[in-house]
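Sequence annotations record features per position, and here TrEMBL assigns domain 'Acyl-coenzyme A oxidase N-terminal' to 25-153. Annotation source TrEMBL lists FAD binding site at T159, G198. Positions annotated as domain 'Acyl-CoA oxidase C-alpha1' by TrEMBL: 295-457. For E442, the entry in TrEMBL reads active site, proton acceptor. The annotation domain 'Acyl-CoA oxidase C-terminal' is assigned in TrEMBL to 494-671.
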Amino acid sequence: MAGKQVQVRFCVPDLQKERANCSFNKEEITNIFDGGEHNTETRRKLQNIIFSDPNLQDPIPPDYMSHEQRYENELRKAVYVMKKFMTDPQLQDIGGGPEAIKWMYNSILRHAIHKDGNPLMLHFGMFLGAIMGQMSEEQQAEWLPKAMSGEIIGTYTQTELGHGTFLRGLETTATYDPVTDEFIIHSPTITATKWWPGGLGKTSSFAVVMAQLHIRGQNYGPHPFVVQLREHVTHASRPGITVGEIGPRLGLNSNDNGFLRFDNVRIPRTNMVMKHSKVLKDGTYVKPKSAKLSYGVMVLTRVGICYDVCWQLMRATTIATRYAAVRHQSELEVGEAEPQIIEYQTQQYKVLPMIASVYAIWFAADTLRHTYMEVQKNINKGSDLDLLPELHASSCALKALFSTDVTDGISVMRLGCGGHGYLASSNLPRIYTSTTPSQTYEGENTVLWLQVARFLIKSFREASKGGRLQPSVAYFKNHQTQTRRITDLSNSGLVSGYERSVLSMLEAVAKQLQQYSEEGMRYEHAWNACSVRLVNVAKVHARYIVCDQFVKALAKYEGSSGVRQIMDQLCRLYMIYSVTNDQGILLKSGALTPDQCNLLEEELGELLAALRPEAVNLVDAFDLHDEVLDSTLGAWDGDVYNRLYNEAMKSPLNKVDVPDAYYKYLQPLMKSNL
Ligand SMILES: CCCCCCCCCC/C=C\CCCCCCCC(=O)SCCNC(=O)CCNC(=O)[C@H](O)C(C)(C)COP(=O)(O)OP(=O)(O)OC[C@H]1O[C@@H](n2cnc3c(N)ncnc32)[C@H](O)[C@@H]1OP(=O)(O)O
Ligand SMILES: Cc1cc2nc3c(=O)[nH]c(=O)nc-3n(C[C@H](O)[C@H](O)[C@H](O)COP(=O)(O)OP(=O)(O)OC[C@H]3O[C@@H](n4cnc5c(N)ncnc54)[C@H](O)[C@@H]3O)c2cc1C
């Protein structure tokens, strides 16, 4: 248990001092992030088993491996994990088997096993997600056992060379042939080549393929189909299939992201993924309740990404906070001992708001997950889909906001560790390169912001007519009666300040849209001409959601008073950090005055000072195992300098005193200059 470990494990004196006085029950916080005591226990058991298994160690640090070695090493571990979970009696005790594998790959532990991506990620994430969320019961009975056991490995292939964002522009076709009861999957152009899917290059034998459904010359839009790409046993690509890997990326280089082309590949009609839309044998198309239901896997993954980036921020803040307590630099008072860098207010301003952000993200992600589950329940019951626009807008807003906040936050954590933060052994560079693509995949963020803006403008117009509003925009109903100024600076006052700012921004942009329309501009062009403003208002609305959810989550919290108190402080910090960052917007909308901004800035300084003594305890409470952190700067013991030195010794260049390259290049140069 983390609390007990504190008593017995070695750590450097600086961290001992930090840990000596903790005002709250760390274990209670650990349980929040695990989703309950039982989950904490399960995770710890799992990590004890996984991290003591020599087969899951890397033979050399992955940074020193070639492209092929990295892929092979991660695939080896992923397959080993699958087999181990199926057979190891220790794991059966804690609910082993396929469900546990899925559980683990959708938890923070996957970042510990696979440090730079994992060839089976898309299999466990989106392929299984498509089977479970998009297939009929009959189809699930056929495909799920095969996918769960690893008999088939799949991925989700949607993006093409020519189109990622604009789904309706996909060029891959699935043309129904009623004579043979088959679909013909085809890539008509170079730009129709599927491009990017994880695990596609060399790993997957099957794929869910998004293709334009054509029946008797009519295009019914993008639909998902299951296509076999590689032969059983030999794994050779099948006739009509051209498949391979797309080459090195900024990060996630073990994912074998791939390309895929189809040359009139025939699949049975029943391989169309048919929970929502169907094609009958005679070619009749059965419409879904909503055309957007086939986008459901993307929505689920956007929810998953909110958690995933939260875990990445937990890792980065743990590393940077512990390092800030161990690192001494400069002088606060002339002639005095060099202080821990965490004593500098500017350093506190780097780490503490990011620790608070972890909580903010977690609570908002949890609410989003519940909305997702409610919509799923309604879909399965066949009841109305009223909440679908809410789910779409909120999942777009939170995925876009969190992926940006966390990527920026990790960058701040790296800078907060000075030069050592730039070392691969700090793990901050890899945490960064694994997180930044979340701003692009599963919907490029600007595009998602524009989807949110579309929802806001629609809702704003609905509110003016006194129409029904979705939960996240229920506050629009007051928009005509409210004065803009807020008078109290409490959390609920600040949330209200955000509401008023969104409404003020919407009013202005709606007016501009209207004006362009009156001047004869087509709506789409007017929209484009206003899109910078539209993105801005979407961002402020997203921040409003997160602040609102944080306050609401604490209002419901029933734990100990110590934890409650520290979370109240973190919530306050998150609110003031957000509002002061956005003060230009809140001032412009008239929600705040400059004097109020000054008061908030003063309070921010006081909060940083109040939370400073708890910083290390707060990140300890995330309970991240050293293997999850994988960092010279962030390990629990704080033995930073020995770890840095030992890691440097692993550089292959240090195997010999004088490398061959010296004799080849430098020596001739140096000799010629003698
Ligand atoms: C512990 C918890 C949970 C565990 C979960 C596990 C999940 C795994 C998590 C793993 C985490 C991390 C690993 C990630 C690995 C990376 C994988 C990356 C994979 C990919 O990138 S796959 C490809 C993704 N591609 C995209 O996202 C493309 C983006 N584009 C689109 O989504 C759409 O094209 C669009 C931009 C939304 C536009 O679509 P379209 O042109 O059709 O629509 P319009 O703009 O015309 O709007 C029409 C109308 O439809 C509404 N709408 C659009 N989309 C949806 C939707 N999904 N749902 C509901 N409604 C939708 C839109 O609002 C319009 O409505 P309106 O007319 O205004 O009423
Ligand atoms: C690491 C990684 C993993 C991936 N994994 C998968 C996977 O497993 N399966 C899969 O199918 N795909 C995958 N993708 C692809 C990913 O989903 C797309 O890259 C993403 O959806 C963005 O699409 P795009 O690349 O076409 O960008 P584009 O849409 O071409 O974006 C380029 C620029 O154009 C702008 N833009 C585009 N449209 C608009 C618009 N309507 N309004 C305003 N601006 C616009 C964008 O904001 C952006 O600035 C992955 C990508 C990455 C990086």
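Glycine is treated like the rest: Cβ placed from N, Cα and C.
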Winner by Cβ contact number (other Cβ atoms within 10 Å) across the recorded positions T159, E442: E442
Around the Cβ of G198 (FAD binding site), the count of other Cβ atoms that are within 10 Å: 27
Segment-level pLDDT (mean, integer) for the domain 'Acyl-CoA oxidase C-alpha1' (295-457): 97
Integer Å distance between the CA atoms belonging to G198 (FAD binding site) and the residue listed as 'active site, proton acceptor': 12
Helix, strand and coil totals (DSSP H, G, I; E, B; other) for the domain 'Acyl-coenzyme A oxidase N-terminal' (25-153): 96 helix, 2 strand, 31 coil
